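In Swiss-Prot this protein carries:
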TRANSMEM  1-21  transmembrane segment
TRANSMEM  41-61  transmembrane segment
TRANSMEM  75-95  transmembrane segment
TRANSMEM  96-116  transmembrane segment
TRANSMEM  130-150  transmembrane segment
TRANSMEM  174-194  transmembrane segment
TRANSMEM  210-230  transmembrane segment
TRANSMEM  234-254  transmembrane segment
Amino acid sequence: MGIIESIILGIVEGLTEFLPVSSTGHLILVSKLLGLEQTDAHKAFEVAIQSGAILAVVFLYREKLTHSIDLWKRLIIAFIPTGILGFLLYKIIKGLFSPYIVSIMLIVGGLVFIAVEFFYKKSEHQIDDILKIPYYKAFFIGVFQSIAMIPGTSRSGATIIGGLLLGLDRKTAAEFSFLLAVPTMFAATSYDIMKNYHHFHIENWIALLTGFVTAFVFAVLAIKLFIGFVSRYNFVPFGIYRIILGFIFLLFVL
């Protein structure tokens with residue numbers, strides 16, 4: 001893989017990892033357009049550049065992450081369902097990675113977002129701060145996150161939908177989704193790297209580093225823009241986008 005390809009994939013990863021649009025789907029589609037095969041080495045590269053996106057959340061929310069034990073209690077509780085299921089079902093989950101499943105889940109997720117927003121009602125009793133999330137609700141948001149182990153679902157999409165259904169306002173649901181990515185993606189990425197370390201070679205380090213840095217920069221940008229967007233608008237545009245992307249997937253990838 002060349003530097004240009006690693007930059008493009010880093011941009012795609014950074015922009016889509018924390019948006020409810022499935023970064024996996026975008027990476028598969030863009031890789032296809034670039035003529036890159038979905039080899040084990042290529043998948044290992046995608047896993048590695050996710051670390052750059054994780055670092056973006058740590059950088060932006062470093063104050064909350066380093067000064068709030070109550071926040072970490074909620075994150076750990078929310079991580080439990082995904083952590084257990086991810087460890088037990090690792091091989092099954094990896095076997096689900098197919099363009100067809102990604103396409104279907106993109107479309108289904110888009111329809112769910114539109115439906116949730118249709119019934120969503122803003123009220124004075126909504127949870128508007130992460131530290132006000134009851135522990136049992138944090139756990140159930142983690143259950144929703146577990147659904148995202150199906151490729152194309154979108155981890156952020158599943159957790160945001162879970163948050164909205166459990167009474168969080170849009171901004172709080174989005175921020176909790178970002179923060180929950182830290183333990184979740186750190187564990188998943190670390191496990192994947194341990195499983196696929198033999199695919200990382202010295203000659204690939206420049207491309208890996210380039211993709212990592214690019215993903216970090218664009219993830220910072222995406223998170224800031226996304227929080228500004230959901231503070232004023234709803235998630236319907238993302239639902240529509242997912243449906244369109246799902247059909248594009250069916251045309252170009254299958």
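Just so it is clear, glycine is given a Cβ too, placed from its N, Cα and C backbone atoms.
Sequence-distant neighbours of the transmembrane segment (210-230) (same chain, 6+ residues past either end, Cβ-Cβ under 8 Å): 3, 6-7, 9-11, 13-19, 45, 48-53, 55-57, 59-60, 170-171, 174-175, 178. Counting Cβ pairs under 8 Å that are 6 or more residues apart, the transmembrane segment (130-150) and the transmembrane segment (75-95) reach 3 or more and are in contact.
Residues 17-18, 44, 47-48, 50-51, 53-54, 57-58, 60-61, 64-65, 71, 74-76, 78-79, 82-83, 86-87, 90, 130, 133, 138, 141-142, 145, 155-156, 159-160, 163, 168, 200, 223, 226-227, 230 of the same chain lie 6+ residues outside the transmembrane segment (174-194) yet bring a C-beta within less than 8 angstroms of a C-beta in it. Sequence-distant neighbours of the transmembrane segment (234-254) (same chain, 6+ residues past either end, Cβ-Cβ under 8 Å): 19-22, 25-26, 28-29, 32-33, 99-100, 102-107, 109-114, 116-117, 120, 152, 154, 157, 160, 170.
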